[in-house]
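The structure under discussion is supplied below as structure tokens; questions concerning it will follow.
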Amino acid sequence: MIERSSSPEGAPRPGGGGPTGADADGRDLVRAEAAALERAAEGALRPKDLGEFVGQTRVREQLSLVLDAASARGRSPEHMLLSGPPGLGKTTLAMIIARELGAPLRITSGPAVQHAGDLAAILSSLEEGEVLFIDEIHRLARPAEEMLYMAMEDFRVDVVVGKGVGATAIPLELPPFTAVGATTRAGLLPSPLRDRFGFTGHLDFYSAAELAQVIERSAGRLEIAVDPDAAHEIASRSRGTPRIANRLLRRVRDFAEVRGTGDITIDSALEALRVYEVDQRGLDRLDRAVISALCTKFGGGPVGLSTLAIAVGEETETVETVVEPFLVREGLLGRTPRGRIATPAAWEHLGLAAPPQSAQWGAQPALTDDPGDDIGLGRFA
Ligand SMILES: Nc1ncnc2c1ncn2[C@@H]1O[C@H](COP(=O)(O)OP(=O)(O)O)[C@@H](O)[C@H]1O
Ligand SMILES: [Mg+2]
């Protein structure tokens with residue numbers, strides 16, 4: 001599977017430097033994954049309970065029912081799966097779940113569990129009622145995954161002692177616990193694992209109004225004064241993602257502190273976002289370079305992915321996994337069997353007149369949260 005190269009544990013993005021400041025480097029300002037050094041800044045802004053968690057009304061209501069019912073019964077709630085694109089609040093919700101249950105929280109992740117033995121060690125040390133958060137659960141190795149099924153279903157693991165013919169499995173009882181899994185790729189979870197979750201919450205992108213609320217809340221925490229229209233402007237460029245909204249807020253604050261009084265007004269916000277090259281729809285320089293090359297060099301396509309990547313001086317994989325998903329979601333770019341195409345909205349976004357043939361591509365509905373799938377193909381096939 002392709003690693004997203006901007007993810008903290010992945011390789012640096014081709015051609016891009018590592019993080020330069022306290023969080024994302026300039027090029028990754030609008031990417032939804034957390035930059036390596038961004039964790040501390042994020043931790044300070046996490047809502048502590050469901051009441052503080054902005055938006056996602058449906059998931060919030062469902063979760064509070066599950067949690068209230070469990071506490072009324074005095075039992076651990078069923079295992080829960082949280083799915084959705086990066087930066088929408090999965091880790092935050094897992095922490096809220098533990099807190100609302102008044103239960104201790106253990107955090108691990110699919111890639112951190114290399115061997116089934118690692119998972120056995122974690123499981124056998126769980127306390128009664130503990131919440132076990134497994135981030136990126138779709139990346140668990142197969143043997144660990146199988147051990148997890150059994151632990152989730154029967155609260156039991158077989159610990160293998162010895163090697164070869166002399167190896168014996170010693171069954172070990174586990175105390176009741178609640179597994180909370182998070183995944184950006186629910187479709188990649190094998191169904192036996194998916195079936196063991198009693199509740200699945202799917203997080204969707206946030207509206208600009210909700211993100212403005214996130215920004216106002218964060219500004220309060222950070223003791224920054226933000227005018228409501230400035231909050232709304234930052235929100236509408238944040239790609240539906242609270243992580244990006246908080247990051248842009250911090251960068252706009254830097255600008256306002258260095259170049260102004262520190263207060264964020266609509267003027268300082270607009271100027272800061274211009275300096276950081278984040279446009280009205282939340283596209284950065286590379287995103288714009290891709291649609292611009294598509295329109296001006298290739299007449300709107302169709303053009304092959306690798307040709308397009310060469311035209312903007314990027315690796316093919318970067319264009320495919322880092323740049324395209326948002327452009328597709330925004331309805332600016334389409335993937336067809338013959339190559340990438342610019343939609344009329346892309347021409348319009350660049351301030352160019354769309355050639356008549358681009359009308360056949362129509363508007364692409366916002367669909368994908370998953371760079372690995374082939375959104376668009378079916379539509380044009
Ligand atoms: N609904 C929300 N309300 C307020 N802040 C949020 C919300 N969802 C996410 N955030 C903030 O966005 C950042 C990223 O959230 P996180 O839970 O780490 O996302 P994920 O685990 O889905 O990638 C955190 O700083 C968090 O505080
Ligand atoms: Mg997370």
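Any Cβ shown, glycine's included, is placed from N, Cα and C.
Unlike curated records, TrEMBL annotations are generated automatically.
Not my notes, these are from TrEMBL:
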- 1-12: compositional bias 'Low complexity' (COMPBIAS)
- 1-28: region 'Disordered' (REGION)
- LEU45, ARG46, GLY87, LYS90, THR91, THR92, GLU153, ASP154, PHE155, ARG196, TYR206, ARG243: ATP binding site (BINDING)
- THR91: Mg(2+) binding site (BINDING)
- 207-277: region 'Small ATPAse domain (RuvB-S)' (REGION)
- 280-381: region 'Head domain (RuvB-H)' (REGION)
- ARG335, ARG340: DNA binding site (BINDING)
- 358-381: region 'Disordered' (REGION)
Where the criterion is a Cβ under 6 Å from an atom of ligand 2, which of the binding-site residues LEU45, GLY87, THR91, GLU153, ARG335 meet it?
THR91
Using other CB atoms within 10 angstroms as the count, which residue among the binding-site residues GLY87, THR91, PHE155 scores least?
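So among GLY87, THR91, PHE155, the binding-site residues given, the one with the fewest Cβ atoms within 10 Å is PHE155.
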Between PHE155 (ATP binding site) and ARG335 (DNA binding site), what C-alpha distance do you get in Å?
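Given the Cα positions, PHE155 (ATP binding site) is 45 Å from ARG335 (DNA binding site).
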Who sits close to ARG340 (DNA binding site): which same-chain residues at least 6 apart have their Cβ under 8 Å from its Cβ?
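For ARG340 (DNA binding site), the qualifying residues are LEU294, GLY301, PRO302, VAL303, GLY304, LEU305, LEU308, GLU324, LEU333, GLY334.
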Can you tell which of LEU45, GLU153, TYR206, ARG335 has the least company, meaning the fewest other C-beta atoms within 10 angstroms of its C-beta, among these binding-site residues?
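Comparing Cβ neighbour counts within 10 Å for the binding-site residues LEU45, GLU153, TYR206, ARG335 gives GLU153.
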So what pLDDT does the region 'Small ATPAse domain (RuvB-S)' (207-277) average out to?
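Across the region 'Small ATPAse domain (RuvB-S)' (207-277), the average pLDDT comes out at 96.
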Can you break down the region 'Head domain (RuvB-H)' (280-381) into helix, strand and coil residue counts using DSSP?
49 helix, 9 strand, 44 coil
Going by C-alpha distance, which of the binding-site residues GLY87, THR91, GLU153 is nearest to ARG335 (DNA binding site)?
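Going through GLY87, THR91, GLU153 one by one, the closest to ARG335 (DNA binding site) is GLY87.
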Which of the binding-site residues GLU153, TYR206, ARG335 have a Cβ less than 6 Å from any atom of ligand 1?
none
Across the region 'Small ATPAse domain (RuvB-S)' (207-277), what are the DSSP residue counts per state (helix, strand, coil)?
52 helix, 2 strand, 17 coil
Greatest CA-CA distance (Å) over the residues LEU45, ARG46, GLY87, LYS90, THR91, THR92, GLU153, ASP154, PHE155, ARG196, TYR206, ARG243 that the record ties to ATP?
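Max span of the ATP binding residues, Cα based, is 37 Å.
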